[in-house]
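Participant: TrEMBL feature annotations, pasted as is:
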ACT_SITE  E79  active site, proton acceptor
ACT_SITE  K182  active site, proton donor
ACT_SITE  C215  active site, nucleophile
DOMAIN    38-310  domain 'CN hydrolase'
SIGNAL    1-17  signal peptide
Amino acid sequence: MLLFVAVSVFFLAVGHAEPTGDSSYIAAVYEHRVVLNPEPRVPLSRRDALQHLQQNLDVYEQQAARAAQQGAQILVFPEDGLQGFNFTRSSISGYLETIPDPQQESWNPCTEPGRYSNTEVLQRLSCMARRYNLYLVANMPDLQPCPLQSAPSSTCPADGRWQFNTNVAFSSDGLLVARYHKYNLYFEQAFDKPPQAEIITFDTPFAGKFGLIICFDILFRDPTVTLVERGVRQLIYPTAWMNQLPLLDTIQFQRAFSLGANVTILGANIRSDRLIMSGSGIYTPFSATYHHAKTGDPEEGRLLVARVPVLDPLWAGQSVATESTSSSSSSSVDTDSGFCHQDNCVDPPAASSSTSSSHPTFTSSMMYDPFKFILLNNTEDELQVCDGTFCCRLQYKFVPPGSSKELYAVGAFAGTHIVNGRYALQVCAVVRCADLESSSCGQEVEEAESKMDFVLEGTFETRHVYPSVLASGLVLEQPRTLEKTADGRVTMKHSNMTGGLVTACLYGRMYHLDNE
């Protein structure tokens, strides 16, 4: 599989009203190249495991100091950043620490190190937060006895213990303020799925409430959408994400979720060329500060720091980011949906009346799903492609006309994705095909020269639709306008592209159908 990479660290203006006054804070995320255990399937003693862990903690210490120097108030490290990957249930045992529940007791590991044994990592992270006066979130493996207080003994694993993939959050004085156990595992032999999804948040004095999720969680209702539905608009997101074009590159979907759910995401990924992992960022409905390594870049970590608006509607500080009062289509945004109001948006394209005869449909695999496609054979056109009763409409114009030597297609998919995870989708996408054969449409592409102005639209049976525009070299572009109407119609309009189009996508998640 190819490494999908690009470097982009910049600010994108979006059509939302930005906050003023003191309603912002400085966030940092660190993309970490993990010092790996070369034999993760061989059990280590606690002493040897700690020696390995301290190598990654030393890097964390350096980055915490750098983040603090740049004024960061909160710092996020990635999933699996301390121990690495590919452990078995038994081989990870030397790395495990039992993490107390901050909802049940108050503990500062830095100032009270003697309260619990075998908590060296918790103590080091706590002291790091305290030393550099910042809120700190890290990911680490957790050991809990059976049964849990919140679950019956019948749910216990056979060996009588729980092993969880866990986020821990510390306040700026080192207090352990949150513990979240990952609910949606992705081929993780070492860890258990908790008996029920945990909805975990913590409060800060500078930005109000943050919610905790991990990696694969972002594709599912629990806990991610449940957090948002409960009013949490700032999500902390450690991840070890393997990029997959054309629809699920790291920065592409982090940005899409931020826009579609109208939330801030502080996303920290692992850097591993071998595992196709790169891409971290600080995303708000107003801006995106991100990094995606490109082919040939040295394989190293990257610290990102950005000032971002407070989005917690209940924050006791100054005014928070709210809906714009402007009447123009590009700056009136519904703070509940992330899309602009129906009355202020562009008219959708009329559906083509002759798609069946003049625009033949073909099926090609994209992301392991059978998409229905129609080729973009003209300089400009209006097309409609359907997968069953779900239809996607595209109005497009290549700019400049006649310049394209590349093949493009518009595709629709409605169904349940079943490879490396099971989840129900409705997707509209415009993609650059890998070559000039229609069979290449849907394959992985990261470069493109062709630019187009377009309006992409679908009528979805879900209100959870995540928009993205990905340009050549994996550069994120901000859609010019987004509209969502009460009947489920979502319209994305874009023009004046800065780079060639790789993918434009409306990614609808049918959470209510996942278990059918």
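Keep in mind that glycine also has a Cβ here, set from the backbone N, Cα and C atoms.
Fair warning: this is a prediction, and the values are worked out from it, not measured in the lab.
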Participant: At the level of the C-alpha atoms, what whole-angstrom distance separates the residue listed as 'active site, proton acceptor' and the residue listed as 'active site, nucleophile'?
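Facilitator: On Cα coordinates alone, these residues lie 7 Å apart.
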Participant: Under 8 Å between C-beta atoms and at least six apart in sequence, can you list the same-chain neighbours of C215 (active site, nucleophile), or say none if there are none?
Facilitator: E79, K182, N184, Y186, Y237, P238, T239, A240, W241
Participant: Taking the Cβ of E79 (active site, proton acceptor) as the centre, count every other Cβ atom within 10 Å, in any protein chain shown.
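Facilitator: Cβ-Cβ neighbours of E79 (active site, proton acceptor) within 10 Å number 27.
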Participant: Do you know the mean pLDDT across the domain 'CN hydrolase' (38-310)?
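Facilitator: Reported value for the domain 'CN hydrolase' (38-310) is a mean pLDDT of 96.
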Participant: If you draw a 10 Å sphere around the Cβ of the residue listed as 'active site, proton donor', how many other Cβ atoms fall inside it, taking every protein chain shown into account?
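Facilitator: Summing over all protein chains shown, the residue listed as 'active site, proton donor' has 28 other Cβ atoms within 10 Å.
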